[in-house]
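If you look up TrEMBL, you'll see 1-21 marked as compositional bias 'Low complexity'. TrEMBL lists 1-31, 831-856, 1085-1184 with the feature region 'Disordered'. If you look up TrEMBL, you'll see 142-238, 244-331, 362-450, 455-542, 547-635, 639-721 marked as domain 'Ig-like'. For 748-843, 848-941, 945-1041, the entry in TrEMBL reads domain 'Fibronectin type-III'. Feature annotation from TrEMBL assigns transmembrane segment to 1054-1075. Residues annotated as compositional bias 'Acidic residues' in TrEMBL: 1098-1109. Here TrEMBL flags 1115-1128 as compositional bias 'Polar residues'.
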Amino acid sequence: MRRLAASGAAGAAGAAAAPAADSTDCAQGRSPRPRRLIDLCALWDTGVSSPAAGWKRASGIARRRLNEAETLSSVQEAQLERLEAARPGRLGSGERGPVLRMARQPPPPSVHAAILLCLLSLSGAIEIPMDPSIQNELSQPPTITKQSVKDHIVDPRDNILIECEAKGNPAPSFHWTRNSRFFNIAKDPRVSMRRKSGTLVIDFRSGGRPEEYEGEYQCFARNKFGTALSNRIRLQVSKSPLWPKENLDPVVVQEGAPLTLQCNPPPGLPSPVIFWMSSSMEPITQDKRVSQGHNGDLYFSNVMLQDMQTDYSCNARFHFTHTIQQKNAFTLKVLTNNPYNDSSLRNHPDMYSARGVAERTPSFMYPQGTASSQMVLRGMDLLLECIASGVPTPDIAWYKKGGDLPSDKAKFENFNKALRITNVSEEDSGEYFCLASNKMGSIRHTISVRVKAAPYWLDEPKNLILAPGEDGRLVCRANGNPKPTVQWMVNGEPLQSAPPNPNREVAGDTIIFRDTQISSRAVYQCNTSNEHGYLLANAFVSVLDVPPRMLSPRNQLIRVILYNRTRLDCPFFGSPIPTLRWFKNGQGSNLDGGNYHVYENGSLEIKMIRKEDQGIYTCVATNILGKAENQVRLEVKDPTRIYRMPEDQVAKRGTTVQLECRVKHDPSLKLTVSWLKDDEPLYIGNRMKKEDDSLTIFGVAERDQGSYTCVASTELDQDLAKAYLTVLADQATPTNRLAALPKGRPDRPRDLELTDLAERSVRLTWIPGDDNNSPITDYVVQFEEDQFQPGVWHDHSKFPGSVNSAILQLSPYVNYQFRVIAINEVGSSHPSLPSERYRTSGAPPESNPADVKGEGTRKNNMEITWTPMNATSAFGPNLRYIVKWRRRETRETWNNATVWGSRYVVGQTPVYVPYEIRVQAENDFGKGPEPDTVIGYSGEDLPSAPRRFRVRQPNLETINLEWDHPEHPNGILIGYTLKYVAFNGTKLGKQIVENFSPNQTKFTMQRADPVSRYRFTLSARTQVGSGEAVTEESPAPPNEAYTNNQADIATQGWFIGLMCAIALLVLILLIVCFIKRSRGGKYPVREKKDVPLGPEDPKEEDGSFDYSDEDNKPLQGSQTSLDGTIKQQESDDSLVDYGEGGEGQFNEDGSFIGQYTVKKDKEETEGNESSEATSPVNAIYSLA
């Protein structure tokens, strides 16, 4: 047999278990504000604002009446000031009375955080309850509930309706303006107003033209407490003008050329829907070559011969008249070089060449040029369009500069020729471009998109209901582009022209009311507008003085099952907002805390019902005008339990089987027992008999095999138990009945009891459930506590299956509740019902939080985190953590902070600096042990550039790279990124990216070719990203270096200057040599030369001699002949030579000196010209 989990339905109002107190789900019956005592979510319509959202408001007068004059401690005052400063709608000191009452008992930090969160989310909502008795008694200014749209387009064939409905007490009256002037309805017999409504009806059954009533209308709803306004409604009559008649000549176009057929539909209101068809009403097939643009024109990227097989007619469908108008059809005449229209060529991969059509690069048909701009309003759809011509037909692709297209909002239309972005926002502005490409080339068009915005609400003003003497405010905040202006009106008139009100103060987009009185009631309008539109909102200020009133039936009866959770509701109303208290049996203190929890809407939750909780509960609502009370009677019923469950059975076919199901239940509740077979309702036939405590099956057959479930239920709860019936054939007689019985999971233990209660231990005893033919091997004891994780069960300990009582070791200050799970080889039982609770006494923590870490989330901070301690290690109330930190290896004093969460952020830290961190637990009983010190680091930043980046090229095939780590890592290096690209002159190759580990500082690259050079860019990476990069280039190849050096040296300034200097020096040397040469010849030497002349020395009569350089003398290294004589130089004289072939002439004295001298000079000159001129050195000497 198997015991199923019993489901306990509490029934009636107490049936639903109340959710956790921190929830803000209005659907679960509570408002999102602490200690608010009216069910704002369940009882009030939306659209109404409370001036002091989240706080029980009271004016200075009310505060004095409630004697809330107690003083605060300095700490409490500081907490109060911080909370008030955090409120979005901070008012005056008139609200502090209730706040003081809350501050007298400082809540734990978690409550402070919850209050702060609630304050930020509040804009309050008090609306008159829907109770007719209250609705009819309380006065209320008008509120517009229904109106026509701002741009109201009507069908000229129907009567015109302009809607305007409002509510208020007393019921409002209505009047209209047309074009900002009073519209006298009584003077126009066609115009009437619906009864109890402001809706205008303009009837044309008796004639008239709807166009006469076009204009701007505005509705005014008025009662004695104020006037509410509708939007300005622009009324326009739908128009569907006829297409102008025109005769269209055939369109002649060359095959392959682009073509645009213009539609130019008549201007309708609203704009018509355009589509193209043939004159025979056949739709025009569209594809990426032929398609319709957004403007209605039909575009041919290139015309083909088959395009003239039909004509083309533009059609316009008008919405209101439901008519279609057709333009005269265009006829195409296609000029072609190949008149044979072979349909098989349509899908030919080279269709255009096969037809002799020249291929062309793309060009844009729409829009024109290379750039355009477009403006779109926020919230609208952005439609960008690019239609291109070309042969073959171009493909269109879309991109956004500097980012990606918004994938969640962007979609492509019209064969990728249009890009639509829905619900445009400001981040969608920027530059988009479409790329049209075919195999001949590509072009692109850039569209600059600007997103503007009509006004939209940031904080729409809400209705304000106050008590006399209270403060409040109306806030009207809107945004737009350009920034909208705000104009306040009261009862439809500009606020500047309204009568002065000393209790009202206007501060831009906010109106502040102080010490409001009954006379302050009015309807305020906020109109915010810019060039793209406007927003108009009504918000009334109503001042009510109402004593508390109960809204639920009196003396309700709530019945609930023992140990369940229930909630007692007490909705109420009053102004000022009443405070609510609960009492039991008309005596005792206010119920709140422990097993009770009072929600802000007034509901009282009892977390676990016990017998002693039965009784009469009274809720009392009180304000300065009186009090009201209601009573709820709570009855606690015993749970329904199956104490004798059906057992699994094995029966032979044809025998009788009885399944028992004995139930214990509360005698005041009606019990119903039913059976299921295989989880479906069991049909009780002739072979079955159902009794109160059993089910009998006669003549068992194979079809009776299956699972049988007994369901015992009352109107409040139910219990289930299941058994399995196995039917055997006649010959199948089991030898061992237990072996044949199916095994199942054990039944859950029951009747848990706590005894031997001590500070740190307790004895738990239980009664085992049925083992279902498989012995119980283990028991698992679980516990639940209601402070840190209420409703969550944790494993406490495990015991052998042979015991049913154990001593449990407990932690201080935990409100324990236990349950037991039985385990056998089949599986685990359902958990037992929980035991009663037992709370241990408190103590200081005996441990500190684990997993303490310090890591930077930004470059100038360090976030300290830890695993928060659970309920069994808190040991006391108000568990908190003392966080200490200081820079490592310094003698700084410890910084500290007290934290209630599990993280703390240290700000203004240097980049990646080690810190010593300690986190110590503390509760109201004392501090935990001294914590261990852990090392954390502040945030990382981008690293500096790698040092000494070197590029070497040992050969033409490889390049070696080496580098050193950055001087300032600014964190933990996670690697290096190398980007390199080959280049040859101005040509660049594809960039390649390599990522290296942080320990790698070398890289060898194999060159792809020996000619190109490479440019390398290297940067280091931390968790933040890549840091500063360093760039180097590879050396040039040898041949390229030589060529480059030749070209480079010839154009260098230093080389040109050097060549000029060398030329100048050579010129100077030539001049010096020439001067020296010109000073040569005969010199007197008698006075200078002491050695007597030899007989061989040539001498003239005047004592002079011929001077010549030693260079003209025979050299010391002259060659010697074989006979030892010196070989004569060509310069040696010969009488034969000077005698001109032996015919020399002599002077009168027989000498031939003169002839010799002339001959000698002549031959020297000829000799120099013939032999020495070939040498630059000789040339210089000859000049000298």
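Keep in mind that glycine also has a Cβ here, set from the backbone N, Cα and C atoms.
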Summary of DSSP states over the domain 'Ig-like' (455-542), given as helix, strand and coil counts: 6 helix, 53 strand, 29 coil
Recorded stretches the domain 'Ig-like' (142-238) and the domain 'Fibronectin type-III' (848-941) touching, at least 3 CB pairs under 8 Å: no
Number of helical, extended and coil residues in the domain 'Fibronectin type-III' (848-941), per DSSP: 4 helix, 47 strand, 43 coil
Number of helical, extended and coil residues in the domain 'Fibronectin type-III' (945-1041), per DSSP: 4 helix, 52 strand, 41 coil
